[in-house]
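Annotation comment: TrEMBL describes His246, His391, His395 as Zn(2+) binding site. Under the heading transmembrane segment, TrEMBL lists 192-211, 223-245, 265-286, 293-312, 324-343, 393-417.
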Amino acid sequence: MAALVDMFVTDLGRRLEMIEAYGHDRLDSGMKFAHETLRDVHSSCAHVRDEVVDAGRRRAAVLVATLEEHCNDALARKGDLESKVRAGIDVCEATLARFEASVYSSTTLSQAHGMANDVLDSMEKTVRRAKDSLSLRVDRAIAQARHGLITYDMLPEPWRVNPHILHGYRFSETPLECVRSVFGLHNEAFNIWSHFIGLIVVLCTAFWLYPSTPAYLSSVSKTDIFIAGCFFFAAAKCLVCSTLWHAMSSISNQSLMERFACVDYTGISLLVAASILTTEYTAFYCEPLSRNAYMITTIVLGGAGTVLPWHPTFNRADMNWARVGFYSSLAATGFIPVLQLIYERGWEKTIFFYAPLAKSVVVYSLGACMYASKIPERWLPGRFDYVGGSHNLWHLAVLGGILFHYTAMIDLFRWAFERAETC
């Protein structure tokens with residue numbers, strides 16, 4: 001947020017100077033008021049010196065206060081400071097656009113051509129400054145992290161994910177530093193170890209508990225074991241990917257950091273798809289046409305789920321709800337066969353068949369809602385930095401959902417085998 005405000009204030013000053021050079025005195029009274037507002041915003045923010053502690057956040061507060069003084073309605077519905085800052089910058093950008101259109105429309109063709117070149121040159125310089133600014137902030141964060149854990153405000157913008165987790169951040173210069181930090185205390189320690197230990201639990205379940213169950217001992221074909229194996233593989237892969245992501249999330253190389261985030265999302269996609277496959281396979285154990293149609297659809301969607309995370313937009317911090325929405329939609333495909341079962345077998349048998357899945361669905365749903373809404377840390381910022389935050393709870397929900405689905409899968413296979421005796 002601080003970097004966004006600093007860049008905006010710098011750009012605002014440059015654009016106001018260009019507007020004034022092209023004759024803002026020809027504007028009507030309404031646009032003159034807008035000019036006075038923008039000039040007031042710039043001078044107020046520029047007055048906050050860089051030497052002041054937390055200058056960026058102070059500029060953000062000054063920007064909001066100045067805009068609220070001139071046009072309070074535009075920000076009245078926004079809650080926290082960051083939301084007001086983004087809304088305020090949007091208002092200023094829209095006003096500037098109208099301002100520039102009004103001023104530049106009265107210039108000659110040659111003036112417009114010269115102005116266009118000036119704007120392009122200025123934009124190129126702005127992009128370069130932004131890259132240089134990010135590089136400087138990365139270097140600064142690395143230097144600060146050498147002395148210990150850093151705060152949210154010390155992180156460069158691309159590494160800022162949850163503004164309610166205030167302390168305990170690593171910022172590692174090399175992958176080796178990330179690996180070493182796994183054994184330290186920081187705000188990712190719980191996320192790393194909860195899924196690493198969960199991985200051990202899943203592997204023990206797959207190779208020790210499952211082979212002694214009726215689902216394994218009474219299996220009719222190797223396909224039965226293969227489908228169960230797909231679930232165990234997807235669950236293990238999900239936990240491995242999650243552990244890797246949280247271990248490497250502090251890497252100072254932005255490209256590498258974003259790739260590890262994508263690895264995490266692909267693991268989730270495979271887990272959701274594999275979980276659905278087990279229900280479709282057992283629900284239509286005696287109906288190969290329906291079974292294959294549903295399973296192929298799920299495989300295609302699961303494959304899409306491993307590709308979509310590599311799109312840059314998908315990994316943005318403000319796309320929490322979009323990510324949750326996508327995975328919820330993928331999970332919802334598992335409920336479509338329910339309609340066919342109700343039609344063919346009736347409500348009672350359908351509910352009886354899917355009942356074992358209730359625990360898993362409830363746990364996953366609660367975890368996803370807390371993850372997307374950043375509860376409980378949004379209520380008490382800084383109190384859940386190390387343990388108890390929404391992402392910690394989401395990790396427990398994922399592990400619980402895997403284990404609950406395993407127990408449900410055993411029942412689903414048992415009922416599928418019983419039904420196969422009469423179909």
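From the backbone N, Cα and C atoms, a Cβ is placed for every residue, glycine too.
Where the annotation comes from TrEMBL, it is an automatic prediction and has not been curated.
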Q | Interface-richest range of 223-245, 293-312, 324-343 toward the transmembrane segment (393-417), CB pairs under 8 Å | A | 223-245
Q: With an 8 Å cut-off on Cβ-Cβ distance and a minimum sequence separation of at least 6, pull the same-chain contacts of His395 (Zn(2+) binding site), or say none.
A: Phe190, Asn191, Ser194, His195, Gly198, Ser242
Q) Which chain neighbours of the Zn(2+) site, leaving out His246, His391, His395, have a Cβ atom within 8 Å of the mean position of the site's Cβ atoms? A) Glu188, Phe190, Asn191, Ile192, Ser194, His195, Ser242, Asn392, Trp394
Q) Which one, from the binding-site residues His246, His391, has the smallest tally of other C-beta atoms lying within 10 Å of its C-beta? A) His391
